[in-house]
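These notes concern the structure reproduced below.
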Amino acid sequence: MTIHIKNNVNWVGQRDWEVSDFHGTEFKMTKGTSYNSYLIQEEKTILIDTVDHRFSHQFIQNLEMEIDLTSIDYIVINHAEEDHAGALAALMEKIPGTPIYCTENAIDSIVGHHHHPEWNFKPIKTGDALDIGNGKQLVFVEAPMLHWPDSMMTYLTGDAILFSNDAFGQHYCDERLFNDEVDQTELMDQCLRYYANILTPFSALVTAKIKEVLSFNLPVDMIATSHGCVWRDNPTQIIHQYLEWADNYQEDRITLFYDSMSNNTRMMADAIAQGIHDVDPGVAVKVFNVSRQDKNDILTSVFRSKGILVGSSTMNNVMMPKIAGMLEEITGLRFRAKKAGAFGSYGWNGGAVDRIHSRLTDAGFETAVGLKAKWRPDGKAMQLCREHGQFIAKQWALKPVTTTFQTINVEKKTIPASIAEPVIMVDPSVSSTVESEISVIASNDDKQCMLCTVCNWVYDPEIGEPNQGVEPNTAWIDVPDYFLCPECNLGKDVFVEVK
């Protein structure tokens, strides 16, 4: 099956309605995908990319119905990943000497996957051109790390088609191939989901590469992607959208996601979300349970947000495993210009919140004060959680908030950037009319040593902790509330007096 693209260019790819996972389990596909391969028939015949290896036989069978395979003069591989070049081995069995145009990095990857160093590779550089007859050329543009080191784009002069590889694509399967034929909301949702989960770490490179391509002053009448729809109606709309997404994108949105052992942390999330809405009804608040909802939906919401709040029950003194996994994904995606905070419930130790706070800080977020609740929050504790949401709403507002609510009065402290900020402790026995205070174990003895109940590290007042700005001869009661155990990275609440 072929679909006519323009003049002597046809789509010869493969639709995949059933696929659900991409990059292992990194990306969940909700709308299937397509593997777009293109056949150009000028004086020379060129095949741009193949399809996923699972469809090799079907791809070659369909191609043989259209042309004599031996008439293919050149193969162009924009990307060596298996969903682009997966059928290459089967194709080369049919036409073994055919030149393959790709980047040097692609040669390394293709040989690594298929183990055929004898193939007729033709390495390219940005600006190289290949004459294909009828006054037309293929112009190559390297695009490393969009999203692999081997990536490149190919431009067809005369027809003004940019074969853009993964850029501007989407995992979206439809019998209709062109962007103006499909549901526009679905299309843009899938474009955003694709960018947020796959291209976000390379946003600076996206901007630089788009500006480089635009500097060539080449007309672009059509963008033929490697996945999903071909952009023929106003194709530059997706280019401008990418530039916006790459520029520290955020909406007036706050995303909360959590995992909970006994629904206690879920209760906190609900109350915090309500508090945010109390103060700023205009902000979009989205709440997700990581154990029950799709992680890529959550990450897309994080991408769209000005700030996130991450909650977890404490289990074995650490956060729940799925929260840890989400934070690892978030760290890899390298979000920028976003705020974050931690919250969670605990029984005898609230280490999860401290660890979440540290991970968010390390991931580049501007971190806010965290919130811990002991055991199941009662009505008073829920009110304090709601007030915490009100506090967050005011602190993170993109414009002045006129709604007046009494919020938690968190004392401002001068805190070194490398040290985690304080955590508010919510105890069900505390009256909601009393301001929350940071819970510490105080000792009136200036020389009293303190023992970390988690790792057994001992704080000695005579020595202090210079790495955290705690001078020698500092009594425990005077140690700053942002202090963390240097061994296990937990807060002051896990310390007890050495008897």
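Cβ atoms are placed via backbone N, Cα and C, with glycine included.
Binding of Fe cation 2 is annotated in Swiss-Prot for Asp166, His227; the matching candidate from Asp83, Asp294, Asp297 at the same site is Asp83.
Candidate binding-site residues: Glu81, Asp83, His147, Asp166, His227. Nearest to His357 (FMN binding site) by Cα distance: His147. DSSP assigns Ala342 (FMN binding site) to a strand. Each residue in Thr33, Tyr35, Asn36, His79, Glu81, His84, Asn165, Gly169, His171, Thr225, Ser226 lies on the same chain as Asp83, Asp166, His227 and has a C-beta within 8 Å of the C-beta centroid of that Fe cation 2 site, without being one of the site residues.
Comparing C-alpha positions, Ala352 (FMN binding site) sits nearest to His147 among the binding-site residues His79, Glu81, His147, Asp166, His227. In sequence order, Asn78, His84, Leu146, Trp148, Ser151, Asn165, Ser226 are the residues of the same chain, not among His79, Glu81, His147, Asp166, whose CB sits within 8 A of the CB centroid for the Fe cation 1 site. Comparing Cβ neighbour counts within 10 Å across the binding-site residues Ala342, Ala352, Cys452, Cys455, Cys485, the minimum falls on Cys455.
Rounded to a whole number, the C-alpha distance linking Cys485 (Fe cation 3 binding site) with Asp362 (FMN binding site) is 17 angstrom. Non-local contacts of His147 (Fe cation 1 binding site) by the CB criterion (under 8 A, 6+ apart in sequence, same chain) comprise Asp166, Ile198, Leu199, Phe202.
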